[in-house]
Each structure stands twice: as structure tokens, then as C-alpha cells.
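Residues annotated as compositional bias 'Polar residues' in Swiss-Prot: 450-459. The domain 'Peptidase A2' annotation in Swiss-Prot covers 508-550, and the record cites sequence analysis as its basis. According to Swiss-Prot, the feature N-myristoyl glycine maps to Gly2, an assignment based on similarity to another entry. Per Swiss-Prot, the feature phosphotyrosine maps to Tyr132; the stated evidence is similarity to another entry. Among the features that Swiss-Prot reports, region 'Interaction with Gp41' is placed at 7-31, with the record citing similarity to another entry. Residues or ranges marked as region 'Interaction with host CALM1' by Swiss-Prot: 8-43. Feature annotation from Swiss-Prot assigns region 'Interaction with host AP3D1' to 12-19. Positions annotated as region 'Interaction with membrane phosphatidylinositol 4,5-bisphosphate' by Swiss-Prot, on the basis of similarity to another entry: 73-77. The feature region 'Disordered' is assigned by Swiss-Prot to 106-128, 444-464. Annotation comment: Swiss-Prot describes 189-227 as region 'Interaction with human PPIA/CYPA and NUP153', evidence class similarity to another entry. Annotated region 'Dimerization/Multimerization of capsid protein p24' per Swiss-Prot: 277-363, in sequence order. Taken from Swiss-Prot, the feature region 'Dimerization of protease' applies to 489-493, 537-543, supported by similarity to another entry. According to Swiss-Prot, the feature motif 'Nuclear localization signal' maps to 26-32. Annotation comment: Swiss-Prot describes Gly221, Pro222 as site 'Cis/trans isomerization of proline peptide bond', evidence class similarity to another entry. Sequence annotations record features per position, and here Swiss-Prot assigns zinc finger to 390-407, 411-428.
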Amino acid sequence: MGARASVLSGGELDRWEKIRLRPGGKKQYRLKHIVWASRKLERFAVNPGLLETSKGCRQILGQLQPSLQTGSEELRSLYNTVATLYCVHQRIEVRDTKEALDKIEEEQNKSKKKAQQAAADTGNSSQVSQNYPIVQNLQGQMVHQAISPRTLNAWVKVIEEKAFSPEVIPMFAALSEGATPQDLNTMLNTVGGHQAAMQMLKETINEEAAEWDRLHPVHAGPIAPGQMREPRGSDIAGTTSTLQEQIGWMTNNPPTPVGEIYKRWIILGLNKIVRMYSPISILDIRQGPKEPFRDYVDRFYKTLRAEQASQEVKNWMTETLLVQNANPDCKTILKALGPAATLEEMMTACQGVGGPGHKARVLAEAMSQVTNSATIMMQRGNFRRQGKTVKCFNCGKEGHIARNCKAPRKKGCWKCGREGHQMKDCTERQANFLREDLAFPQGKAREFSSEQTRANSPTRGELQVWGRDNNSLSEAGAERQGTVSFSFPQITLWQRPIVTIKIGGQLKEALLDTGADDTVLEEINLPGRWKPKMIGGIGGFIKVRQYDEV
């Protein structure tokens, strides 16, 4: 790292660290950005030592600039870093990366005007290529330098490692900058495997060459002295043209950039191959429930590079699908950030989502909300007790169960009243609420008949319930409603008799249910208002009419 970071002196380093990454942003350039740029240049087979001088930075910018339109975000970041470093070497005061790019563009326009003026003064064309691999020798002739083995080796390694993944296209564009059709064919011939893909590439080149011949027909008549023939599609592909003809077309006035045309055809074919090797659509890229957001973004942009769409469409895909296809946890965070959030802000906000720390934090927040809501309910008096009051089967009192009852144990079954077995072993389906040994002045208790037992069924007609808990009848009311002929005693749970009562001027048999504080009557019509009610016990539920203040 020390060798890479030594490209700047002390004063230059101070100016470098004052420049912001984006206008109005807080982050500034650091040494790590220079180290990162050096490593990326090594990947592109470019000497990272060129970063030490402004001239070297200018050469790197000239090599990277033609690939910006089809390059990846990584390539653009590298170009921005080198442009900012060039301004630092030239002592050009800039505050952020955008100003550095504006300064570079301004200098390029000035140099282009100077070159045009010089070409007009000397009578030479301003479009003459001075870039590698076509260079001008000492005699002023344009000569070709063969593509270096280092460049070919870098290209072969990319094909072997990436196997026509989306990043192969910008890599090819960077390595083939300024190359002639012969150089491009040399690069294609070095690919040993993937012959099916290479055959697809040849078919695409033949189609584009035929389209070129259709759009550029040969002019009739002889060629003027000193003029070159017009290139055909096969000439551009390098199959029917010599190296000297290719150099002549590229350096002619006006020039015919056969190398750039052929490279555009090759990139078109590579796009088809990448689409075949990467059949996944951008619509299918979704974040897994436990997948880190960073890995999801890597997969998203890798697939986006293989999409054949304009930059406007890709920008729309990024703004819409990146948030829409995230998992629920990340989607909640991204929607809270808003549509103007940058990718850096998204990755920072979603860092750690899905891990144990995030889950513990979400669980703690949920428990806190539940606790607060329960506290508010209890403070407002909305808290209702969920458990029912227990009742003892032995003595009939509430507040304890038979196991803890201090009263003498009742003999027999607590369900049917017979001796010889306990309640847990009782086979009686319907509870027998009546005891045969009870004697009352109004009549003897008896068991339900089969007809009365069916009255407990939900399908049976409605019964009448006389509520006794909220009636304190006056004598006048008693005369109007009818007087009960019996004063009900306090009867325990085991003593539920059927007695004869007089209500509404009618004599009826009624079941006294002291536990529920209700009197149940059957087949009687009473005047006044009533409301529907469901009552039930061990035998089931029945529908009744409830009359109050009877």
C-alpha cells in the first residue's frame, strides 16, 4: 500500500483530502481511493505508475473516456478518481468530483480547438489518430504497433474466469481501444473454448457486414488517383483487407474508423452472448429473506448490465425494482428513506438486516410496543380479566376448587349424585342437577323427562328466563305482573328442584338455578320487552328470551 499511496506529496495529499466525492456531500477523498484505483488499473492491464504524474493521468483518461458510455459504474468511478487526481497534479482548484470533470472537459475542448487550428495551418487533418496502436514514426509516417502479449493474456484470463458474464464487454472495450480490425481478430482468435459463443459472434458480424454493404453501395466509375477505395463489410471485418489498407482508412482525410466500426459489431455480438449465458431477467432478481442487502445489490447490478436497454430504462429499473424486489425488512427501511436516497445511503441503512442483532432489535421494539399498549389499557380501565372464577364441586362456594376444600367431602359422584364412582369415571352424559332426597312444601323434586331433556337442545324452541338479579318489585308491580307463590330459599349447587310457581296469572313448573340467579320457564308468553340470550351448562346451550323486572 505504501508504494501505491506514494503518488502524492504532502501538499498534494492535503489538497486531495479536501475534495468531496459529490457536490454538497460530507465524504472526501482519502488514500484508499488511490489504492483502489491502482488495483483497478492493474485489472485493466494499465500501468498504475501513470497515476504519479499529470501526463500519465491524461493518458489514462484518454484510454478510459471512449468506454464510458458502455462501461460499468466501476469504470466510471475509476475515471472520476483519475480526473480528480489529474486536477491535483495540475494544481487546479476544485471542490468536488463534478468540478474536476468540468475542468477536464474544458481542457479537452481547448486542446481540440488548438489541434484543429494547427491542422488548418499545416494543411493536415485534425482527425489523424495519434493513439496506440497506430503511431507516427520519426519520418512522419503512420505505422502500426502490434497488440502486446500482456493485453492478450489479460483478455484470455477474463474469458476463462468470467465466461461471458456482463463485465466482459467493458473489459473488451478497454483492452481494444484504438485497435485495428487485425488486432481485434487476434483477440478473438486467442479464445480457445466457448466455440458455440464464438460462432454466434461470427454470425452477428456477418449480419452487420451485410447491412453495411446494403447501406453503403459501391460508387460506379474508376477510383481517382491518390484516393483509396471505400471499405466493404468484409474489409471492416479484416477478412479482405490488408493492415496497410486498414491504417490508411483510419488515418485518411476524412477518416473511416474501420476499427471502431468493427469493435461496435463485436460488442453487439457479445451482448447477445451475454444474454444467452445470463438468461435471468432483472425482474427475477429478488432478495432472499436472510440475504444481505449488499449481495442482493451486487446480483441486481450484475444482471442489469446484461439487459439490452437504454440508460433511461436502466435508471427506471434501478429506482423501482431495487426497492420493490427487496425483502420486507429492507423494503420498509428503503421506503422510509424516500425516492431520492442514494445507493450509499441504502446500503448503509440496510447494513446488518437479517442478522441476529437486527432480529433482536426488532423483537425488543415489538415487545416494548406490546408492553406500552397493555399499560395504557390497564390505565384506562379497559383491561378485562380473562380467567373465569373457579367454583368448588364439594361445597359449591367460589374461590377454590374441591382439592383445596376444607368442608367434609360429599359422598357419591359430583356429576350424577350416585355412589360407587367418582366424577372422572362417571358415564352419565347429561348432568343430573336434582337430588331425590329433597322435600319441599310445594312439591317433590324429580328428574327431567325425555321431552324436557330435549328442551335443552339448541334446535328446540325458545324458553323464557326470569332475571332475578335486577328486580326489586314493589307491591304495585307485583300485583300487575303476578305474584310468585313461593319464596325461593338459598339452595346449593346440588339442590336444583323443579317447583310450581305462579307468574303472569299462570301456574308453571320452573327450574330454579340459584348459581346463575335465573329462573327458566318453558312454553309461556309474557308481555313486555325481552332480549335474546344463550344459556348453557354441562348439557349444552339453548336459546331463550330474557325478561327483566318480572
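Here the Cβ of each residue, glycine as well, is placed from N, Cα and C on the backbone.
All chains included, 6 other C-beta atoms sit within 10 angstroms of the C-beta of Gly221 (site 'Cis/trans isomerization of proline peptide bond').
Counting every protein chain shown, the number of other Cβ atoms lying within 10 Å of the Cβ of Pro222 (site 'Cis/trans isomerization of proline peptide bond') is 7. With DSSP states grouped into helix (H, G, I), strand (E, B) and coil, the zinc finger (411-428) comes out at 3 helix, 0 strand, 15 coil.
With helix defined as DSSP H, G or I and strand as E or B, the region 'Interaction with host CALM1' (8-43) counts 22 helix, 2 strand, 12 coil.
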